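Let me begin by presenting the structure, written as structure tokens, before commenting on it.
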């Protein structure tokens, strides 16, 4: 029951979150900071009440370690959202972030001196190839769109896109480094995922003071958006604030679903569920929002997810399950 409930939370929460985020960035492409701030506030408030018992419960992992983790987490969150302001389409954004397997493997080899099987290396080649295809095609689209204007405008648009790609690449590597750091902490102090979730969202809050001007400006813009009637409650509010509220709630549901799933299932199952969720979000984004997506984009997407599934050894697990079923069938005979 717990596993099924967690899977529903992940699919409903995460997919809805992607939709609400796209609704926000389509109207205000630079609203990433206010979205991130709102998400952090909600999760930090929930964790302060229920995890730390209003600050009375001491952390199992020293706060100094959380400060390091939080610095990386805050940087990754802000850069990933802010990259949408640099001609990065939402489908490319989702595909690019699927390359976390590459970053994790590279840093695992360099930092932890890990070695992997041939299938793991093949999966990395597939994921890299898929992302390369999608990135090149998106670069071509940026060039085609920008060519309608002057040469100077076209060059400016392309350079902004390159900056966005650089930001996503940096965030990808930083996220992988944070994962390795978190893994070492859990080995030393034990797993405290819920505690880490709270501190990862609470400690960075003062950092948003650096972004306060941008957040305030978007608060004004959101308040000036078209007012709509909220169903059930019967209240009227600006539509952008409604989208933001939906985004924050669905983000919390998504994170909680993943947390429950990690306690109920193996890491293989968790990775598979999250991968399938990303794929469904991508398809919905393309179809519903009519994002530009060529045949080559589909090819690149398919290669990315094939590589991801190969990395998680889904095929091997399925074959082992089939062999086990055949053996049981023969014994039954």
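Heads up, residue numbers simply count up from 1 along the chain you see.
Every residue, even glycine, has its Cβ placed from backbone N, Cα and C.
A TrEMBL annotation is a machine prediction, not a hand-curated record.
As written in TrEMBL, here are the features:
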type     : residues : note
SIGNAL   : 1-20     : signal peptide
TRANSMEM : 30-51    : transmembrane segment
TRANSMEM : 63-83    : transmembrane segment
TRANSMEM : 95-112   : transmembrane segment
TRANSMEM : 121-138  : transmembrane segment
TRANSMEM : 158-176  : transmembrane segment
TRANSMEM : 197-216  : transmembrane segment
TRANSMEM : 228-246  : transmembrane segment
TRANSMEM : 258-289  : transmembrane segment
TRANSMEM : 295-314  : transmembrane segment
Handout entry: Contacting positions for the transmembrane segment (228-246) when only residues 6+ beyond its ends and CB under 8 Å are counted
Key = 16, 20, 23-24, 27-28, 34-35, 38, 221-222
Exercise for the section: Using Cβ atoms only, state whether the transmembrane segment (30-51) and the transmembrane segment (295-314) have three or more pairs under 8 Å that are 6 or more apart in sequence. Expected result: no
Problem - Result, the transmembrane segment (197-216) in contact with the transmembrane segment (63-83) (3+ CB pairs under 8 Å) - result: yes
